[in-house]
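The following features are taken from Swiss-Prot:
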type	residues	note
SIGNAL	1-32	signal peptide
CARBOHYD	ASN138	N-linked glycosylation site
ACT_SITE	HIS178	active site
ACT_SITE	CYS220	active site, nucleophile
DISULFID	CYS253-CYS267	disulfide bond
CARBOHYD	ASN320	N-linked glycosylation site
CARBOHYD	ASN376	N-linked glycosylation site
DISULFID	CYS431-CYS461	disulfide bond
DISULFID	CYS443-CYS478	disulfide bond
Amino acid sequence: MALDRSIISKTTWYSVVLWMMVVLVRVHGAAARPNRKEWDSVIKLPTEPVDADSDEVGTRWAVLVAGSNGYGNYRHQADVCHAYQLLIKGGLKEENIVVFMYDDIATNELNPRHGVIINHPEGEDLYAGVPKDYTGDNVTTENLFAVILGDKSKLKGGSGKVINSKPEDRIFIYYSDHGGPGILGMPNMPYLYAMDFIDVLKKKHASGSYKEMVIYVEACESGSVFEGIMPKDLNIYVTTASNAQENSWGTYCPGMDPSPPPEYITCLGDLYSVAWMEDSEAHNLKRESVKQQYKSVKQRTSNFNNYAMGSHVMQYGDTNITAEKLYLYQGFDPATVNFPPQNGRLETKMEVVNQRDAELFLLWQMYQRSNHQSENKTDILKQIAETVKHRKHIDGSVELIGVLLYGPGKGSSVLQSVRAPGSSLVDDWTCLKSMVRVFETHCGTLTQYGMKHMRAFANICNSGVSEASMEEACLAACEGYNAGLFHPSNRGYSA
């Protein structure tokens, strides 16, 4: 039967022709590509819904946390700004994204592009438009917990924005900073302790105010925050940049491959963080599952099985969530609708810097680029010397405390012992905090470098040492030491 074009509008005629072309393409390709999911996206229009059986119900919420400050930690705020822009492109609303960042990077005098933050050597500005919900002194563990729980009464400062989620909503939490066994750093003391965080997640679950939650954590020893204590029945899935015993890594650093623009003297990103975000940007998140991203990020963060310059990405909690599509948490960018499954897969190793050394890395870059005779060069050298001195003091003090508590033959082995996989770091988290406070009172603040000794304090608790004995050992180990700016009276206690 012929179609009478005279009775059909031009727009309708074009629609009919387009429909016929689509049918022909489908018929022609059906035999060669019988799996619908393999070929449907090739002929879809950007405005066409991708999944007819979508499980999308409720609101997507997100909490993004950069847990550090200082230009040497540029990459953490860059990670968070990148995550924000990715979620906005995915359709999440600003009112449903809560951002924690100190906000001392974009306008820092060391930033060669004033007011701009990038997360990739060829990246665009990620800072513009990022909401300043909790900045400066308001980036605290207490505020973070209040935001997650939706408890405005516990907030101190900030925008007042919280996760006011409902039972059908999904939540995505992303954290980037330094860490140590059982802890995550924050720019204002105290640090975030693992059991406190787990307790908050349990409270959130008990409130019945979300359907499912996905958490990504970038930090050294980040697996220890969940290992042995993360329940599987909270409808929460977690991946971490590293296992319970290893470092995570900064990348896109000066003098390395890939390198940032030559005017930059600090690392732009972190290996795990850029791995998951660049993966999300390169894929149709209505097609890619949480599990697929986990596998991709795991491979890239290992630096393709080069664990001397990479780490083991771990997963905890409810792994049933891994079957779901990523868009349920990160949203969907229509521009990615036709991206093929293997789009953007990197197969090359990346040069990296140990997260704990990034601060010294910045100082060394500053020293190298200073004028040979400048007073500034001398000041930088003093900063390097002071930083190294305090690191040696922390390392030496912890080692000596082990000797005083257990004897010269056992001290080191007890403090460095690692529990069996799947075990929690410590039995008594209150004891852990107490031991840290005793140490910091007499020996100075741990700092982001000293976080690595948290396992030693955990083992002191696990072996039954009393607080009085710990006090005595710390007094003997650090007697006469002037912590100066590193004293907790200046920085606060990390516990």
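Cβ from N, Cα, C; glycine included.
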Cα-nearest neighbour of CYS267 (disulfide bond) within the listed recorded positions, ASN320, CYS431, CYS443, CYS478: CYS443
CYS253 (disulfide bond) versus ASN320 (N-linked glycosylation site) - Cα distance in angstrom: 36
Between CYS461 (disulfide bond) and CYS478 (disulfide bond): CA-CA distance (Å): 20
Distance from CYS443 (disulfide bond) back to CYS431 (disulfide bond), taken between C-alpha atoms, in Å: 18
Same chain, 6+ residues apart, C-beta under 8 Å of the C-beta of CYS461 (disulfide bond), given in sequence order: VAL426, ASP427, ASP428, CYS431, LEU432, MET435
CB within-chain contacts under 8 A for CYS220 (active site, nucleophile), separation at least 6: HIS178, GLY179, GLY180, SER242, GLU246, ASN247, SER248, GLN355, ARG356, MET451, LYS452
Using Cα positions only, nearest of the recorded positions to ASN376 (N-linked glycosylation site) (ASN138, CYS253, CYS443): CYS253
Assigned conformation of CYS478 (disulfide bond) - DSSP reduced to three states: helix
Cβ neighbours of ASN376 (N-linked glycosylation site) where a neighbour is any other Cβ within 10 Å: 11
Number of Cβ atoms other than its own within 10 Å, given for CYS443 (disulfide bond): 26
Close in space, distant in sequence - ASN138 (N-linked glycosylation site), Cβ under 8 Å, 6 or more apart: LYS156, GLY157, GLY158
